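Q: Residues or ranges marked as Mn(2+) binding site by TrEMBL: ASP14, HIS202, HIS204, ASN238. The feature domain 'Pyruvate carboxyltransferase' is assigned by TrEMBL to 5-267. As annotated by TrEMBL, region 'Regulatory domain' applies to 394-518.
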Amino acid sequence: MSNQVMIFDTTLRDGEQALSASLTVKEKLQIAFALERLGVDIMEVGFPISSPGDFESVQTIAKEIKNSRVCALSRALTKDIDAAAEALKVAEAFRIHTFISTSTIHVESKLKRQFDDVLEMAVKAVKYARQYTDDVEFSCEDAGRTPIDNLCRMVEEAIKAGAKTINIPDTVGYTYPSEFGGIIQSLFNRVPNIDQATISVHCHDDLGMSVANSITAVEHGARQIECTMNGIGERAGNCSLEEVAMILHTRQAKMGYQTNINPVEIARTSQLVSQICNMPIQSNKAIVGSNAFSHSSGIHQDGVLKAQNTYEIMTPESVGILKNKLNLTSRSGRHVIQHRMQELGYRETDFDLEELYASFLALADKKGQVFDYDLEALVFFNQLENESEQEHYVLSSINVQSGSGVVATATVEMEIGGNKRVVEAATGNGPVDATYQCLMRLSGLDIEMQSYKISSKGHGKDALGQVDIVASYHGQKFHGIGLSTDIIQSSAKALVHVMNHIHLAKAVEVKKQNLAQV
Ligand SMILES: CC(=O)SCCNC(=O)CCNC(=O)[C@H](O)C(C)(C)COP(=O)(O)OP(=O)(O)OC[C@H]1O[C@@H](n2cnc3c(N)ncnc32)[C@H](O)[C@@H]1OP(=O)(O)O
Ligand SMILES: CC(C)C(=O)C(=O)O
Ligand SMILES: [Mg+2]
């Protein structure tokens with residue numbers, strides 16, 4: 001048996017089922033191109049009978065995608081299979097995927113039939129689909145809860161009818177690895193024609209075991225894994241593509257399996273899917289979470305600085321992430337501070353490490369994460385005094401007018417440098433933009449906004465709105481946070497936060513120049 005594991009991506013079918021809004025044809029096509037670049041062998045891109053929009057998406061993708069096989073789903077009904085074939089026929093080669101439930105609970109309670117009727121429907125559907133293509137996949141829905149004798153019968157008959165791929169889904173994410181591996185093993189032991197089909201698995205994550213179940217299935221002979229980018233899919237989602245691909249890649253020497261996935265495309269594809277599907281990725285998500293290649297504690301940071309593989313089993317570069325991150329927090333130690341200062345261009349003699357570390361810890365305890373500009377400020381100024389006491393820009397008041405049919409207007413009053421009171425009014429593309437116009441004019445700083453993110457802290461209508469912005473000033477990036485029950489206030493506070501950082505950074509620059517002249 002070959003050790004090549006086929007990656008069957010179902011982001012655009014099972015993944016899309018879980019979204020609060022369906023994807024447009026254009027959005028689906030954009031994701032399909034990314035999946036093709038990623039190297040998926042097969043992409044399941046929709047369920048054509050379900051709506052004219054889905055039919056059109058499948059047809060468009062089938063026309064455009066050349067390097068991955070395109071597949072569409074259908075129930076075990078001729079009308080569904082006809083719709084799938086009609087949408088797919090523009091492709092040079094395509095796969096029709098047909099399925100029916102095999103577990104007793106699904107057969108009796110959902111389909112309201114007997115197992116033998118379902119068996120007959122499956123056989124008919126596979127034969128019917130074979131009129132359109134040699135590449136027919138058949139799935140035993142809820143295989144994980146199907147009595148093994150029935151499952152073996154169904155698999156044998158579906159292969160006899162012409163299915164080239166047999167998929168064994170754990171539709172409700174119920175099984176655990178040794179149990180699921182046992183099901184696959186039983187099929188190999190008991191189904192006489194099993195060698196005439198590729199065995200595929202499609203695991204859901206209701207108990208968080210979809211990836212472990214899929215890998216165990218491969219160890220028992222499965223050679224296709226059905227998965228989605230970022231693990232999106234019905235309920236708790238599907239087996240995540242990036243995780244299985246990187247398990248097989250990272251542990252290849254030990255396990256011996258290959259896939260056609262190009263790991264360097266993983267981060268980019270993951271971001272695209274997250275953005276288009278409006279499904280944020282949890283920060284600690286394996287492989288693609290923003291924290292997946294960050295090190296925060298001193299002992300780890302020291303280890304990684306000495307040898308990256310002390311705490312990294314794969315490099316961030318290998319999955320398309322530029323670099324690992326060493327977060328500066330109160331759990332950091334002296335080694336990482338020294339390293340960061342060197343990266344920022346300071347010589348060892350420019351600062352006293354013990355002194356800097358003590359003031360860094362005090363700031364980190366107060367602030368959480370410490371950024372480069374904070375660190376530099378600590379070298380030259382004791383930034384430990386109460387931040388509000390030393391703020392250069394202080395917001396006094398904001399007044400906004402906005403609504404439908406009126407141009408948004410803001411009037412902002414602030415105090416600069418502890419003594420100068422200034423006021424500015426501006427219009428804008430909405431109340432936040434108008435407020436930002438005022439603040440930029442008042443400060444005279446040429447700030448370029450790079451990102452603006454608003455999130456709610458707490459529940460209900462009185463939740464706090466937190467605004468996080470990243471802005472750049474003369475090529476340096478600054479992070480600002482604002483928190484208030486009023487989102488215009490939070491937005492203004494975030495920008496004022498950035499303005500104060502810039503003010504401090506400018507003062508640091510002057511000090512640095514003086515230092516260079518010494
Ligand atoms: C595990 C999975 O992810 S399965 C795939 C899930 N994906 C989807 O459901 C795609 C979106 N679905 C749809 O657009 C619609 O449900 C459609 C077009 C498929 C069907 O719509 P409707 O005809 O209105 O039926 P509805 O969805 O209410 O009920 C499903 C029907 O299909 C039957 N059915 C379910 N699975 C199958 C199957 N594999 N083969 C044959 N019939 C099936 C059900 O028994 C039910 O039949 P009934 O009307 O005789 O009781
Ligand atoms: C249609 C099948 C493969 C499915 O999505 C499932 O069983 O979860
Ligand atoms: Mg599924």
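Quick reminder: no glycine exception, Cβ is built from N, Cα and C everywhere.
Remember, predicted model here, so these are calculated numbers, not experimental data.
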Q: An 8 Å radius from the center of the ASP14, HIS202, HIS204, ASN238 Cβ atoms defines the neighbourhood of the Mn(2+) site; name the other residues of that chain inside it, in order.
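A: Everything else in range on the chain: THR10, PRO169, THR171, CYS203, ASP205, SER210, GLU226, CYS227, THR228, GLY233, GLU234, GLY237, CYS239.
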Q: Fewest other Cβ atoms within 10 Å: which of the binding-site residues ASP14, HIS202, ASN238 wins that one? Let me know.
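A: Each of the binding-site residues ASP14, HIS202, ASN238 was scored by Cβ atoms within 10 Å; lowest is ASP14.
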Q: Return the residues near HIS204 (Mn(2+) binding site), defined as same-chain residues 6+ apart in sequence whose C-beta is under 8 angstroms from its C-beta, sorted by sequence, else 'none'.
A: PRO169, ASP170, THR171, VAL172, GLY173, SER210, GLY233, GLU234, ARG235, ALA236, GLY237, ASN238, CYS239
Q: Just give the helix, strand and coil counts over the region 'Regulatory domain' (394-518), going by DSSP.
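A: Counts, helix then strand then coil: 44 helix, 55 strand, 26 coil.
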